[in-house]
Amino acid sequence: RNSQESAGVDPTHLKWREDFLNRLRHAGLLQEQREVLQTKMRICFALLSAPWSVLCYYAEEISLRVPLQVVTAPVIIWSEKILSKLSLPNPMSQDVPNTPPDYYTCQFKTNKLQRFLGSDNHKTFFKTTQRHQVLYEILARTPYGSLKKGEVGIDRLLSEQVFTAAYPLHETPPVPPECLRLRQILYGYWAQWSCWRRYQPLDHIREYFGEKIALYFAWLGFYNGWLLPASIMGTLIFLFGFWLMSSDVPAKEVCDSGNTFIMCPICNICSYWNYSSICVSYKAGVLFDNGGTVFLSVFISLWAVTFLEYWKRTCSALSHRWDCSDFQEIEERPRPEFTAMAPMTVRNPVTGAEEPYFPEEKRFNRTLTGCMVIIIMLTVVLMFLIAIILYRTILTIIIYNSHDNFLSFSAQRIASISGSVLNLLVILMLSRVYTALAHILTRWEMHRTQSKYEDMFILKVFIFQFVNFYSSPVYIAFFKGRFVGYPGNFNTLFGVRNEDCGAGGCLIELAQELLVIMVGKQLINNIQEFIFPPRLREEVSPWVADYQLLVCEGLFSEYLEMVIQFGFITIFVAACPLAPLFALINNWVEVRLDAQKFVTEYRRPVVERAQDIGIWLPILQFITHTAVLSNAFLIAFTSSFLPRLYYRYTRESSLSGFINFTLATSPHNYSQHHTSCRYRGFRDENGENTPEYYHLLAVRLSFVIIFEHVVFFIGRLIDMMVPDIPEEVEMKMRREHYMAKEALAENQVRWNRSRLTDFHM
């Protein structure tokens, strides 16, 4: 913890600093002052530690859990269990040294000290992370000025720049070096690239970084494990599409049509063209648009539901093993910023203490104003989307006007790819702007607790990012080419003819858009982490070395990246079967990069407890439900699956003549060089919808209803069949409750006797 040289510093800050350090001494903390001279400043470090008596007092105060007995049952990972049943070797296992044991625990009581394991050794009884929790609790509670003005806690002092940093120290290499410490174990058995196929040492991560960070990596590893079957299935469907490319009857008809189908110009200045010229594009469309995509959509929808249900089980087991099952039941302390800015105080009905209070009516009005700002920002996103649509159309016209045969032939493809890249840049730019704005709005709304603040901030950013990342794919999937009109009666946007799907259809364009956004974003993120390596540090004291490290900004950006990715591989999987595979490859890299950042590049974060992954689970459930509806509409209205199915059962089972069936003839009043032409659609020669159009519309709507009902029904069955808490965890919880009751029984008897004397007459 450090402060700069006093020369030129605000006198109020100096007073606050001295008062704060003095009050920490009165609270019982031990202090050492160390000064380090740098080029233009003198940095003073205040090294804090808590003696045994202080640790015991606050451990009881904040309900720390301590061990009663070692749990002898081994922890078996689900994939390890499956491989052992199949008598297969497990290439993912590794022998990590010094595995932290699992304990039955209960809340610490000073007068029951002898009943806890390891109570005879005061140096090791409390874990390092528990000592950090006690120290942070004291730092967060200690006032440095007026309580009425909310001048309390280290967080406010940091925000006022009275101190420049406050952090727990990383472990230093032990002496002798052969005795590995936790940080070295994590570096050697987790952060190394050679560990890419190994299980993560989650108990070690929890022991060193705390439950919140450990739960993130547990979720990420669990997600990667479940991505494996999704990747295999997606790759098989993709290979099935390759096989279909060579045997698909409609594709052969397109390639062999010659001059049979003269197509209408795709823009006002464009010329007629032969349908056979899109042979390669049409075959590429078959690669993404085939019967296998229907099966893949159902598979991924059920995969997502099952993944979340089994994560709940895994999470409940981990939270109990890590002693945070009842974390949310503990009264959470108000945020220091809330304490400082709240305009009034009220008496807490539970504790009877005066606490800062912000009127709910004012908060509601501020939240409503924040919603209006979100709507304005979403409107900005849609404006950029319209601008990119116009850009693609205008660029196509410009390329056609260049009279270059090669460029003219690829005009739409060039415009589409460049538009996708431009859209990615706009997405990344708007993301930075809005994230900063969301921080300001959430802080202004004055939420009482840190968890509520984080939930509201996450919700704001997710709503924006959901629209920001998915608006362009949604437009291509469900709106592009729907409102074009027909020859002689084309619809326009700002005087420019509405954008139609490319020669290969909208689904291949959607696949291209997804690959550019999803893979492009992941590449940019990973390249940024590669080109900013850990800082080289000379041999200095541990507190100076840690001060030179980067500040850990938390897990928000890590979760958001994975959740947006989860949306891509579930909502639009029908258009891009390889999305799960790309996600899996990226995440293998992501785990190692994140591990290296936390172990070697970041200051050690203050330990935070957590019961689960918080509001991210409801967000993932929302994405899963959205994915079911999206895939249903994607197959029904964007894919050619249902038109082919309809044609197969009403006209020709071999699909011979399907291309002619899907092409309409231009109306008589449309003439350019007095030539009739063809265009995609189900219209007669007067431009009116044919009976087949309405038949197909009924089939499509029926498919959507049946698809979502079947998937939701099966998903509900899975939910009912998979209990959120495994039976062995429930048994362990009951055992632990019994042991805690036995350990504290004497206290309970004394308390009951004292209560009886209160009523003595």
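All residue numbers here begin at 1 and follow the chain in the order shown.
Every residue, even glycine, has its Cβ placed from backbone N, Cα and C.
It is 414-437, from the ranges 54-77, 414-437, that TrEMBL records as transmembrane segment. This prediction places the mean pLDDT of the domain 'Anoctamin dimerisation' (10-202) at 85. Taking residue pairs at least 6 apart in sequence, the transmembrane segment (457-478) and the transmembrane segment (371-394) share three or more C-beta contacts under 8 angstroms. Within its own chain, the transmembrane segment (457-478) is flanked in space by residues 370, 374, 377-378, 381-382, 385, 388-389, 420, 423, 427, 430-431, 434-435, 438-439, 441-442, 506, 509-510, 513-514, 517, 556, 559-560, 563-564, 567-568, 571-572, 575, 614-616, 619, 630, 633-634, 637-638, which lie at least six positions past its ends and keep a Cβ under 8 Å from the stretch. Taking Cβ pairs closer than 8 Å, the transmembrane segment (414-437) reaches residues 373, 377, 380-381, 384-385, 388, 391-393, 395-396, 399, 407, 461, 464-465, 468-469, 472, 502, 509, 512-513, 516-517, 520-521, 524 in its own chain, all 6 or more past its ends. Contacts between the transmembrane segment (563-585) and the transmembrane segment (292-311): present, as 3 or more C-beta pairs lie under 8 angstroms, all at sequence separation of six or more.
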